[in-house]
Amino acid sequence: MSKNKILILFSHPLFEKSHANKELVKNIPESENITFHDLYEEYPDFDIDVKKEQLLLSEHNIIIWHHPMYWYSCPPLMKQYIDMVLEHNWAYGKKGKALQDKTIFQVITTGGDKENYCETGSDRYSILELLEPFNQTAKVCNMIYLPPFVVHGTHNMTKEDYEKNGIIYGYFLDYLENSNLDNDEILQYHYFNEWFATIQI
Amino acid sequence: MDTNFLLQAIIYLSAAVICVPIAKKLGLSSILGYLLAGIIIGPFVLGFIGQEGQDIMHFAEFGVVMMLFLIGLELEPSKFWKMRKFILGMGSMQLIGTTIILFLGCLLFMDWKWETTLAISLALALSSTAIVLQTLKEKGLSNTSVGRSSFAILLFQDIAVIPILAFLPLLSTVNLEAANDAPQSLITGYASWLQTVIVIGIISTIYFAGRFLFVPLLHIIARTRLQELFTASALLLVVGVSYMMQLIGLSPALGAFMAGVVLANSEFRHELEGDIAPFKGLLLGLFFLGVGASINFQLIVDNPMFIFVFGAILTLVKFIVLFFTSRYYKKKLDQNLLLAFGLSQAGEFGFVIMSFCMQLNIIPSILANQIMAVIAMSMVATPFLLLINERIIYPNTRSQEKEIKKDNDYIDEDNPVIIAGFGHFGSTIGRLLKANKVKSTILDNDSDRIDVLRKLGFKVYYGDATRLELLKAAGCENAKLFIAAIDNPTVNLKVIETLKKHFPHLKILTRARNRIDAYELIDHKVENIYRETLYSAVNMGVDALVELGHRKYTATRQGQQFIKYDEITTRKLAEKRHDKMAYMITIKEEIELQEQLLKSDIYSQIAATNHSWDSEHLKDNLAD
């Protein structure tokens, strides 16, 4: 099979202080098929180069929005990215087929525990429900939206926990690069990582 | 017009045009170029001009007057007042010290009359304002501690000329009335108390007329929008004040200086500067040409021993007195040396005093001419002495200083960042870095600033950043980043050339004054160029759009886009510039470049208008 080409759109306004994300990013495999794109490093003034970003998107077939969960949503630069890059008649609209059939999902870090993200928990909604706007955005662009890869409880983690999550992320990306995904099967799960835990490597 | 005049003008101008660039190319000061040009066209080499060199000098001395006017403009009254201690202290120390040593020395070893000796000692104690100030300006040292000390001494000398000229007739056996060519003033007839009153009156007239008459007059002239009228009034001011000062027997240079100080606070300061500066430059050049042409080589050939030995001793005496004066005022070794070498010559006032003495019969004419030759020789020697100081003595003294520092508090570590030039631009960068706990090494050539910086805990190297040894000492081998933030674009470029040659792996971020500088830097393959005229101008443009009712965020995005496009077009135009075989950018080409820029700007406007958040655009699109 031909390998998957993965684009990681990473948004973190204070990356240097995020233990969880440092471990995750550190474990991204060195591969010509994986592009790590650090948006806050590239566009500190929020002045996004639309043409360049569109070209990057069209060169990959799996897109990952990798970001921390802030106020139940993404950091502002990622929203700016969505607003500016996903142009009418390019990403959506009658002539907008550029992203058609590409796979997209989110990699999310959050301080809160998984138990809180339910109807009776303090966060009242599940992660999946909270990510509905992103899901719908992907749908409008005719993309395949898969469940998120979520790292919960980053506020109470030990160094070992961070490292463990990082290693899993590395394996996960490696698997993604080299395998055909069974989307229907993955969509059965709330989280991408829950599905990945069932895989024997 | 008199063809003879035109021919003379051609001789002077071509001598200057040929010799000065050669001197510059050889790394010598322009003064030396002018002097050599003068010698070459003078009566003893090519003989294009005869003995009139002296007359030219008298005429061209007016350049010195203009120079002092310009210095006055730079010096606000409050700053002038702060310098009074140095002017009086260093000035009198130098003048009295030199005069006494010369006087006693000559009394012992020469069989001159004591009156003659005293007159000669006084004449030789004065230094050359023209040479020193021009040199300081060329080396960019006017605003340093050395510059200010030199200036203080020179100003005191300028003031001292007045009592000296008044005092000389007392030495004369000739009746003053007989010497009717003597610089007479209108007021010599009056009683001395009345003279004093008149002098004070005139000085306060200059002050009040400058403030309440001349500035309003300039307002009226500025409104006529006739540039040449403004130039004319600036000249009128300088000439007028000089004339008035001469009438009451004061130094015109001093008067011009005071007029400058009075106008330093006015809003026309920069216009006046711009108008007078070219005249000053030309006249000073002519003055140095005159000095070169008036050197009487016949006298030197007749008695070379006397001229050279006396010249050398004179220079040595002046050097020693200046050195210790500067030391007494607790300047550093390198400053002492620079000051002492810089002012070690005799000056143009020496010529004036000598010719005056001849009229008064204090000095025999041959001796006076010999002394004038000595003065001219010592003036010629100064640029060479400074060169020796710069190339040979200075590097050694600097290393000594460094070792002393090491003993005290010198922490020798290599910082990741080196900042060359710590003026307003460089210091802003330095502060930002320091606020983020990044250590930087600083190169600067103002030793006063360096003291302050050292106290603040910066690692500072004093000196000329174009010199390879200094760059090495500052740690360019191991630094990650070099920030070139020197005020003078030419110097900045030189530093970058040296860096590119010797430290090819060092990352350079450089300041550029404007687009033209940026082109040069692009030619040198510098990646990170920061035009000081780009970012603040765009910010201001953005605010202008906002003031006109544009939304701030949209205006800000336009500004961001504009900077991007401007940087791209600058690089394009930098290449295009070479197609036209034009290394020298003429005004016409500059206009052409601006036109091309304006054309491409329209594209940048279109590009910035992308359609995010624009529902009108979306509606139009859906309607199609």
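Glycine is treated like the rest: Cβ placed from N, Cα and C.
Among the ranges B:116-136, B:473-493, the one that TrEMBL lists as transmembrane segment is B:116-136.
Cross-referencing B:220-239, B:280-299 with TrEMBL places the feature transmembrane segment at B:280-299. As a quick check, the transmembrane segment (B:116-136) and the transmembrane segment (B:362-388) clear the bar of 3 or more Cβ pairs under 8 A, pairs 6 or more apart, so the two touch.
Here the transmembrane segment (B:250-268) sits against the transmembrane segment (B:56-75); at least 3 CB pairs are under 8 Å, leaving out pairs fewer than 6 apart in sequence. Taking Cβ pairs closer than 8 Å, the transmembrane segment (B:362-388) reaches residues 28-29, 31-32, 35, 112, 115-116, 119-120, 123-124, 128, 131-132, 135, 168, 171-172, 291-292, 294-296, 299-300, 303, 306-308, 310-311, 314-315, 338, 341-342, 344-347, 350-351, 354-355 in its own chain, all 6 or more past its ends. Pairs of Cβ atoms less than 8 Å apart link the transmembrane segment (B:305-325) most often to B:87-110, out of B:6-24, B:31-50, B:87-110, B:280-299. Spatially, the transmembrane segment (B:280-299) is adjacent to the transmembrane segment (B:6-24); three or more Cβ-Cβ distances between them are under 8 Å for residues at least 6 apart in sequence. Only pairs six or more apart in sequence are counted, and the transmembrane segment (B:87-110) with the transmembrane segment (B:56-75) gives fewer than three Cβ pairs under 8 Å, not enough to call it a contact. Annotation: stretch B:6-24 has the most Cβ pairs under 8 Å to the transmembrane segment (B:31-50), among B:6-24, B:56-75, B:190-214, B:337-356.
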